[in-house]
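> Here it is, the structure in full.
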Amino acid sequence: MLRIAIVGAGGRMGRNLIQAVQQTEGLSLMAAFEREGSSLIGTDVGELVGISPLGITISACLAEKTADFDVLIDFTRPEATLEYLKFCLANDKKIVIGTTGFDENGKQAIKQASQKIAIVFASNYSVGVNLVFKLLEKAAKVMGNYCDIEIIEAHHKHKVDAPSGTALSMGEHIAKTLGRDLKTDAVFERYGIMDERQTNQIGFATIRAGDIVGEHSVWFVDEGERVEISHKATSRMTFAKGAVCAAQWLANQPQGLFDMTNVLALDQL
C-alpha cells in the first residue's frame, strides 16, 4: 500500500486529490496539511469533501506525520512548495509537484533536490495535455519554421500566475523542437503601435475569467490556412487523477527529476 500525504488539502485541487486518492486502489491517504492559521485545521478530510469521515484531520505540521507517508503531493504556491521540498529532502520523501509559477531559482532548487530524492515536476498532470505536448512537437517539425505560432490560454479568475505553466511548457516544447530559445522568441504583451510581427516569435495571450478550469489552444498560421491544436479541461479531477498516477509511478523510482513524459512513457510514441 502506497501511503500518500497532500498539502494544500483545503484548496480546489487539494479536495480533488483527496477524492482521487480515495478512489484509487493500492493507495492510502495518511495525512493532509494546510497552512498555519487555516480555519480548516482539525477538520476531517472526509467531511471536507462531502463523504464519510476518514479519521484523518488536517494538520499544519508535517514533522508530526513524517513516518506516516511515502509520497507528498503538492499543488500550492512556489514559496510554500520550496519549504515542503526542504522537508522532503531532509526526510527522504518523494514528492509530486503540481505548483506553477517558479522563478529560475525555484526551478534550480527542485533540480538540485532531485539529486537525492525522486521528484515528478510537471506544469500539467492531464493525460490529454501531455499528449498535446507531443502533437505540438510533431506540428513544429512540419510547420514551425514558416508559420506564425500563437498560444492562447484561459483560466479561472483566481489563478495568480500568467501565462499558465502549461502555456509556457507548450512554448518550450515548440522552441526546443525548432532549436530555438523561448526566452528570446516569446512575446507576452502587445499594445499600441508596434513593429510588424517576426516569424520567429511565439506569441502568448492570457484570459482570466469566471470558473474556467483550463483551456489551451496553439495556432500554427500560414497564408491561407491555420492549424489549431487545443485542449479543454472541464474538471480538476483530470489533474488530480494524473497526479495520483504520477505518485504511483514515482514509488518505484530512485532519486531523479521526472515529468509526465516519463510517467506516461510518451517518448515511446
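In case you wondered, yes, glycine gets a Cβ from its N, Cα and C as well.
Swiss-Prot lists these features:
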type	residues	note
BINDING	Gly8, Ala9, Gly10, Gly11, Arg12, Met13, Glu34, Gly98, Thr99, Thr100, Ala122, Ser123, Asn124, Tyr125	NAD(+) binding site
BINDING	Arg35	NADP(+) binding site
ACT_SITE	His155	active site, proton donor/acceptor
BINDING	His156, Gly165, Thr166	(S)-2,3,4,5-tetrahydrodipicolinate binding site
ACT_SITE	Lys159	active site, proton donor
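I'm curious about the neighbourhood of these features; can you describe it?
Here the Cβ of Asn124 (NAD(+) binding site) has 27 other Cβ atoms within 10 Å, regardless of which shown protein chain they belong to.
Take the CB of Arg35 (NADP(+) binding site) and look out to 10 A: across all protein chains shown you find 14 other CB atoms.
Its Cβ taken as reference, His155 (active site, proton donor/acceptor) is surrounded by 25 other Cβ atoms within 10 Å in the chains shown.
Spatially close to His156 ((S)-2,3,4,5-tetrahydrodipicolinate binding site) yet at least six residues away along the chain are Arg208, Ala209, Gly210, Asp211, Ile212, Val213, judged by Cβ distances under 8 angstroms.
Taking Cβ-Cβ distances under 8 Å and a sequence separation of 6 or more, the neighbours of Lys159 (active site, proton donor) in its chain are Arg208. Secondary structure at Lys159 (active site, proton donor), as computed by DSSP, is coil.
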> Report, in whole Å, the straight Cα-to-Cα distance of Arg35 (NADP(+) binding site) from Arg12 (NAD(+) binding site).
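Arg35 (NADP(+) binding site) has its Cα 15 Å from the Cα of Arg12 (NAD(+) binding site).
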> Reported as an integer number of Å, what is the Cα distance between His155 (active site, proton donor/acceptor) and Thr166 ((S)-2,3,4,5-tetrahydrodipicolinate binding site)?
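So the alpha carbons of His155 (active site, proton donor/acceptor) and Thr166 ((S)-2,3,4,5-tetrahydrodipicolinate binding site) sit roughly 11 Å from each other.
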> State the count of C-beta atoms found within 10 angstroms of the C-beta of Glu34 (NAD(+) binding site), not counting that atom itself.
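There are 23 such Cβ atoms around Glu34 (NAD(+) binding site).
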> Note the Cβ centroid of His156, Gly165, Thr166, the recorded (S)-2,3,4,5-tetrahydrodipicolinate site, then list each other residue of that chain whose Cβ lies within 8 Å of it, in sequence.
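For the (S)-2,3,4,5-tetrahydrodipicolinate site, the extra neighbours are Thr100, Ser123, Asn124, Glu153, His155, Lys159, Asp161, Ser164, Ala167, Gly214.
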